[in-house]
Amino acid sequence: MKRVLVLLLALAFGHALERGRDYEKDKVCQELSTLGKDDFRSLSLILYSRKFPSSTFEQVSQLVKEVVSLTEECCAEGADPNCYDTRTSELSIKSCESDAPFPVHPGTSECCTKEGLERKLCMAALSHQPQEFPAYVEPTNDEICEAFRKDPKGFADQFLFEYSSNYGQAPLPLLVGYTKSYLSMVGSCCTSAKPTVCFLKERLQMKQLLLLTTMSNRVCSQYAAYGKEKSRMSHLIKLAQKVPTANLEDVLPLAEDLTEILSRCCKSTSEDCMARELPEHTLKICGNLSKKNSKFEECCYETTPMGIFMCSYFMPTAEPLQLPAIKLPTSKDLCGQSATQAMDQYTFELSRRTQVPEVFLSKVLDTTLKTLRECCDTQDSVSCFSTQSPLMKRQLTSFIEKGQEMCADYSENTFTEYKKKLAERLRTKMPNASPEELADMVAKHSDFASKCCSINSPPRYCSSQIDAEMRDILQS
């Protein structure tokens, strides 16, 4: 599928399929004609699976069936000029029925209170939160071929749904490219005289594309959750924690560069955006940090740019530096033209001194700095800072201490050892707890730690979990 085809269909489906405007209809009809029904349907399945990842296969399949059917009917030669508008209106009405077979969304009921085009636009804007914990598990070669031989089309549909709903934050061209290559591999190897050898060879050839797709899904998911400014802060925190001996001038350009890449590539319909941009970023990583840190130097000996990127991405935090405590930025720092520079400097200095996961630091720093910046809009900013700074400092300190307590021992131990130490700490803290109560607390705390105490923890899930744990501190 050529880049322009993906571009046009993505735009048409993402923003306009339900609108019924002539120019949008023409785009979709052009794609149906160019791609053919089967590829058009496959691309529709990918798009709706990534848009509604919490839905069932049956719900997404039913929606795709309706969309393909109305597109075929309304794009046929001699079709009624009002066909597209009529059929999309019927689809939006059907979506509002209590037993509608389509993806379920909490916003549907509100959309159904609207009429006509307004309802269609409301429906078109609905989407689920992306999956932050991909659960797709590839079957064995034998299981793949058994399912493929039994029902090739059914296997392909199920795979497109499962993979696209789990890795839907990867740029669309990467998702299309990988899934198409995967299904081609299955078709070739399951009809081969030596399927095991075939799968081994094909997977080796697809390895870099697979890594690029899954890693792009990771970083784009984080970017989608944070937005551009918080992503920039997040990358700065991570780099400062990984290389606390570096200078701000070494790490800030890297944080900004990666943020700019994600802003360009995550929603790009260019086939090679990530493949072109990430290798250039790894050169900058090695140029800035390989001489500052032995682990980054080791990463830069990896044989491929993707290897370097993955090595640096998954690198754990280093021991924080033992440096004098730093003061919060003042009104002079935050209310002048150099406010961004002051916030970057404070974020960097706090991060290199602090051993608490990035999701904690990003959350509390965002709240702290935002509250102080609001003082700049008051009549007496100096007085506001004098009042707010001590409060923010106490909240910041309490938050970090609580985060360190929640994640204590996690990064330095295997999961089994961590759970043992956690049980010992909880037993000491609550000596009267029954074995069942203790087991429940260990399970709850260890589940939280496994998801939110690493350097690349998913922001959406962990933010809500941290809110629940830190409510008293955040509301103080």
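Every residue gets a Cβ built from N, Cα and C, even glycine.
The signal peptide annotation in Swiss-Prot covers 1-16.
The feature domain 'Albumin 1' is assigned by Swiss-Prot to 17-208, with sequence analysis given as support.
Annotation comment: Swiss-Prot describes Cys29-Cys75 (among others) as disulfide bond. Just so you know, the Cβ of Cys75 (disulfide bond) picks up 18 other Cβ atoms within 10 Å once every protein chain is counted.
Under the heading disulfide bond, Swiss-Prot lists Cys74-Cys83 (among others), citing sequence analysis as support. All chains included, 22 other C-beta atoms sit within 10 angstroms of the C-beta of Cys74 (disulfide bond).
Per Swiss-Prot, the feature disulfide bond maps to Cys111-Cys122 (among others). Contacts of Cys111 (disulfide bond) defined by a Cβ separation under 8 A and a same-chain sequence distance of 6+ are given as Ser92, Ser95, Cys96, Arg119, Cys122, Met123, Leu126, in order along the sequence.
The annotation disulfide bond is assigned in Swiss-Prot to Cys145-Cys190 (among others) on the grounds of sequence analysis. In the three-state DSSP scheme, Cys190 (disulfide bond) is classed as coil.
According to Swiss-Prot, the feature disulfide bond maps to Cys189-Cys198 (among others). Within 10 Å of the C-beta atom of Cys198 (disulfide bond) sit 18 other C-beta atoms, taking all shown protein chains into account.
Swiss-Prot lists Cys220-Cys266 (among others) with the feature disulfide bond. In the three-state DSSP scheme, Cys266 (disulfide bond) is classed as coil. Counting Cβ atoms from all protein chains shown, Cys266 (disulfide bond) has 21 others lying within 10 Å of its own Cβ.
Swiss-Prot lists Cys265-Cys273 (among others) with the feature disulfide bond, giving sequence analysis as the kind of evidence. When Cβ atoms from all protein chains are considered, those within 10 Å of Cys273 (disulfide bond) total 19, not counting its own.
Counting every protein chain shown, the Cβ of Cys286 (disulfide bond) has 19 other Cβ atoms within 10 Å. Marked as disulfide bond by Swiss-Prot on the basis of sequence analysis: Cys286-Cys300 (among others).
Annotated N-linked glycosylation site per Swiss-Prot: Asn288, in sequence order. Note on Asn288 (N-linked glycosylation site): other Cβ atoms within 10 Å of its Cβ, all shown chains, come to 21. Following the DSSP three-state reduction, the secondary structure of Asn288 (N-linked glycosylation site) is helix.
Residues or ranges marked as disulfide bond by Swiss-Prot: Cys299-Cys311 (among others). Mapped onto three states, the DSSP output places Cys299 (disulfide bond) in helix. Around Cys299 (disulfide bond), a 10 Å sphere centred on its CB holds 23 further CB atoms from the protein chains shown.
Cβ neighbours within 10 Å of Cys376 (disulfide bond), excluding its own Cβ and spanning all shown chains: 14. Positions annotated as disulfide bond by Swiss-Prot, on the basis of sequence analysis: Cys335-Cys376 (among others).
As annotated by Swiss-Prot, disulfide bond applies to Cys375-Cys384 (among others). The C-beta environment of Cys375 (disulfide bond), restricted to residues of the same chain at least 6 apart in sequence and closer than 8 Å, consists of Ser331, Leu334, Cys335, Ser381, Cys384, Phe385, Gln388.
Under the heading domain 'Albumin 3', Swiss-Prot lists 395-476.
Feature annotation from Swiss-Prot assigns phosphoserine to Ser434; the stated evidence is a large-scale study or a structure entry. Under 8 Å, Cβ to Cβ, and six or more positions away along its own chain, Ser434 (phosphoserine) finds no residue.
The Cα of Cys300 (disulfide bond) lies closest to that of Cys189, out of the disulfide-bonded residues Cys75, Cys189, Cys376. For the domain 'Albumin 1' (17-208), the predicted model reports an average pLDDT of 91. Considering only the disulfide-bonded residues Cys75, Cys145, Cys299, Cys311, the residue whose Cα is spatially closest to the Cα of Cys265 (disulfide bond) is Cys311.
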